[in-house]
Amino acid sequence: MPLSVHHHVALDVVVGLVSILSFLLDLVADLWAVVQYVLLGRYLWAALVLVLLGQASVLLQLFSWLWLTADPTELHHSQLSRPFLALLHLLQLGYLYRCLHGMHQGLSMCYQEMPSECDLAYADFLSLDISMLKLFESFLEATPQLTLVLAIVLQNGQAEYYQWFGISSSFLGISWALLDYHRSLRTCLPSKPRLGRSSSAIYFLWNLLLLGPRICAIALFSAVFPYYVALHFFSLWLVLLFWIWLQGTNFMPDSKGEWLYRVTMALILYFSWFNVSGGRTRGRAVIHLIFIFSDSVLLVTTSWVTHGTWLPSGISLLMWVTIGGACFFLGLALRVIYYLWLHPSCSWDPDLVDGTLGLLSPHRPPKLIYNRRATLLAENFFAKAKARAVLTEEVQLNGVL
């Protein structure tokens, strides 16, 4: 097997293994936190963690099942029967099965001297779905739970060891999910080269530094006004949902699924930027950044005016504002640096070893298998590359949604 193909296959296996370990680690950490809260008599905190965990799991399995049923039956001929897959999703094990199946696909190709184009393309197809589901899971479950834990810490004035573990792992996990999703989208467009190490590091850092202050601002407001944070969330969520509806998204195979997607995207936009439609993205990204920044400033200012520079728990609000502001502007600077100098937006035509996937060369024959979901998102994210990318209509003709 050529070295480049072997590296591609090995990467799929590693991604599948990391996804499985991350899923299990998050589950163990959540259940550990629930047990600790119950032992401390904090039943409301334990219930909130379980509610967040449950609703995220249900939505994740629902997305996974809708995508499976939308795909042609012959595409997943190596998977389990449809009734058994339905049972796995009902038991909340659909995402875990996807990770295991993706890793199995990669391992099976490791024993082939020269994997076929179809096998390599199918491995990419599975990896793209896993990356999208992991991103959804990060914002449906990890981000709200991280906000809850930070609010608890701010209320109590101290953090237990399991809380510090959850906070650090959640911040890193969410930022990694954003990076992995961004990298996976580039495999859908022939004119987009893959991210290098320096570009990946800067992309990871600016997402971490911009997301952190936003979550901390919401957590601060939640700690000070625990009965009003739900009203704040639903108010902004409705505004963001209306904004998404105006953009006319077309991601899911039917209208009901599309509204589920819009509801989920509105939740993600409450915390971070996510491009949901085609066209030039810079204007929408700037509008969203100003909107979220203004809202975060309003949340912090309200907490400051009502409680002064010290929270009832004894934590210095001035210290939190200083650190959060520094992180935000550093993250904003890194974001500008990334898109000005490190964003690989040029078109290139590399020499490829025979038998490799050939995703980046516009002169190679079209792939036999396309992930239409990821291709649509990639065309939205990389608007300039859409003209050189595989057209959505051509993807549909290939029979893969």
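Positions of Cβ are set from backbone N, Cα and C atoms, glycine also.
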Phosphothreonine: annotated position in Swiss-Prot, out of Thr69, Thr249, Thr375: Thr375
Same-side membrane placement of His182 and Pro312 in Swiss-Prot: yes
Top partner of the transmembrane segment (285-305) among 159-179, 201-221, 259-279 - counted as Cβ pairs under 8 Å: 201-221
Outside the transmembrane segment (224-244), six or more residues from its ends: residues with CB under 8 Å to it: 151, 155, 218, 262-263, 265-267, 269-270, 276-277, 295, 299, 302-303, 306-307, 311
Thr375 (phosphothreonine), number of other Cβ atoms within 10 Å: 22
For the transmembrane segment (159-179), distant same-chain residues with Cβ under 8 A (at least six beyond the ends): 22, 25-26, 29, 32-33, 36, 131, 134-135, 137-139, 142-143, 145-146, 149-150, 152-153, 200, 203-205, 207-208, 211-212, 272
When counting Cβ pairs under 8 Å to the transmembrane segment (314-334), the leader among 48-68, 201-221, 259-279: 201-221
